[in-house]
Amino acid sequence: MAVIKVRNTKEVIEGHDNVLSFLEKQGVLYEHWDMSKLPEGLREKFDLNDQEKEEILSTFKEDIEELAGRRGYKTWDVITLSDATPNLDELLKKFENVHVHTEDEVRAIAAGHGIFIIKGDEQTGYFDVELEAGDVISVPEGNPHFFTLMEDRKVVAVRLFIETEGWVAHPYQEKDEVNQ
Ligand SMILES: [Fe+2]
């Protein structure tokens, strides 16, 4: 289950209903898929070949198609990051820049963990959403955010897109930073 940490106030939000209502208020979609459907051999495997990625997609075919149909997503794939990923540190450094996309950033965590750091409304500011297997999140189009791994430094996630070209990171700068 996801845990939220608000950066300014250090408030921690836990428990499904609390997390859901906080994220709803911030316009962030949060759902849950049953990851026990995954074959055991894929639950803790982070170095995946194409066939194993296909197996993950076929395991969650119904969940994916239901979400896609509801939200207009058209394509999907599986991404994995771990110490087996070449240049993981370089990649993580690149990820840690606040950016926006011209479509939603949708991730269903299949194994491991990940954190989205999302810019909330003016009163809330930035908050971390710590995600574990089964958590599904959609960061809204145009909403500043960045992504990083947790201490285990590994994740497998299903990504859904409207168009893969829409998922380009555009750097985001705070207005007062721009004016300085
Ligand atoms: Fe992003």
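Each Cβ is built from the backbone N, Cα and C atoms, and glycine gets one as well.
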According to TrEMBL, H99, H101, E105 bind Ni(2+); which one of H113, H145 is annotated to that same site?
H145
Rounded to the nearest Å - Cα separation of H101 (Fe(2+) binding site) and R107 (site 'Important to generate the dianion'):
14
What's the CA to CA span in angstrom from H145 (Fe(2+) binding site) over to D104 (site 'May play a role in transmitting local conformational changes')?
11
Counting every protein chain present, what is the number of Cβ atoms, excluding its own, within 10 Å of the Cβ of H145 (Fe(2+) binding site)?
20
From the centroid of the CB atoms of H99, H101, E105, H145, the recorded Fe(2+) site, which same-chain residues not already listed sit within 8 A by their CB, in sequence order?
V100, V139, N143, P144, F146, F147, A169
Restricting to the chain of R107 (site 'Important to generate the dianion') and a gap of 6 or more, list residues whose Cβ falls under 8 Å of its Cβ, or answer none.
G114, F116, L131, V136, I137, S138, A157, V158, R159
Output: those recorded positions from D104, E105, R107 whose CB lies less than 6 Å from an atom of ligand 1, in sequence order; none if no residue fits.
E105
